[in-house]
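Enquirer: Sending over a structure as structure tokens; questions will come in a sec.
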């Protein structure tokens, strides 16, 4: 029995040759050899186990943001995380990895629960947010995480305490070791409902005004620059824009802007003039255009300021 027949036998909804551009916010990328949308944690676990048994490369796709898919697609099984149950009891939230962050912000805000306001307007799912320790406006997902259920490299389900998650700037043990997030329990606090909703709405509005939402993108391309790791001369040059994220950083958008790179284009990919840490798809961009543009930006920033930018997105 061939690969596809074996997959089809266990997962009747599996498909062949699915264009991944339809499933990413960049709207870029070739086709997945096989594609399966896992609707439950059990399906997700089973799909991962089957891929390993078949020695088939696999990739977990969450909300489709923060990822650039190759023009050649993916030569294995793409498992889309669609498990999306959640439960809110008192001030605790237990949610599966496929729950949209926008849903959690809205539902916790309605209940007067404080802790996720920073995520107002944040694209993607809880699983992706936990994996990359997503953050904005001075907050991070790690601030609320109590525990996380995940599949480790041996295929075993494990519960991780907050400490065991090893959260760091835009990273975690799940990202570093390739563990698969199934669900997370968040501990929030009772607060003023009106104030919580106002802050979340303000952040949503800020994103609409300051981010290039009119074009497909993956979100921020690069991590902000850790102030402690930048040359003294650069620290002096950017002292007027240093912010807490949650430690002192120089916003990469400002660095790119001061290097006069907004508007720089490779094929259909362009450094956004609205938010320079975004690369936007002007309609016909290919992954190779984006990669060429990333390389150009990194080279220019290294030459002008002596710092190496680090990608925040996953390049498949």
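Each Cβ is built from the backbone N, Cα and C atoms, and glycine gets one as well.
Sharing the record's features from TrEMBL:
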{"type": "ACT_SITE", "residues": "170", "note": "active site"}
{"type": "ACT_SITE", "residues": "220", "note": "active site, proton donor"}
{"type": "ACT_SITE", "residues": "312", "note": "active site"}
{"type": "DOMAIN", "residues": "27-191", "note": "domain 'FAD-binding PCMH-type'"}
Enquirer: Give me the Cα-Cα distance between the residue listed as 'active site, proton donor' and residue 312 (active site), rounded to a whole Å.
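Expert: About 7 Å separates the two Cα atoms.
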Enquirer: Across all the protein chains here, work out how many other Cβ atoms are within 10 Å of the Cβ of residue 170 (active site).
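Expert: That number is 19.
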Enquirer: So, in DSSP terms, is residue 312 (active site) helix, strand, or coil?
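Expert: Once the DSSP labels are grouped into three classes, residue 312 (active site) ends up as coil.
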Enquirer: Given residue 312 (active site) and residue 170 (active site), what distance in Å do their CA atoms have, once rounded to a whole number?
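Expert: Residue 312 (active site) and residue 170 (active site) have their Cα atoms 7 Å apart.
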Enquirer: Measure from the Cβ of residue 220 (active site, proton donor) and count the other Cβ atoms within 10 Å, all protein chains considered.
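Expert: For residue 220 (active site, proton donor), the count of other Cβ atoms within 10 Å is 22.
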Enquirer: CB neighbours of residue 312 (active site) within 10 A?
Expert: 20
Enquirer: For the domain 'FAD-binding PCMH-type' (27-191), report the average pLDDT of the model, please.
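Expert: Across the domain 'FAD-binding PCMH-type' (27-191), the average pLDDT comes out at 95.
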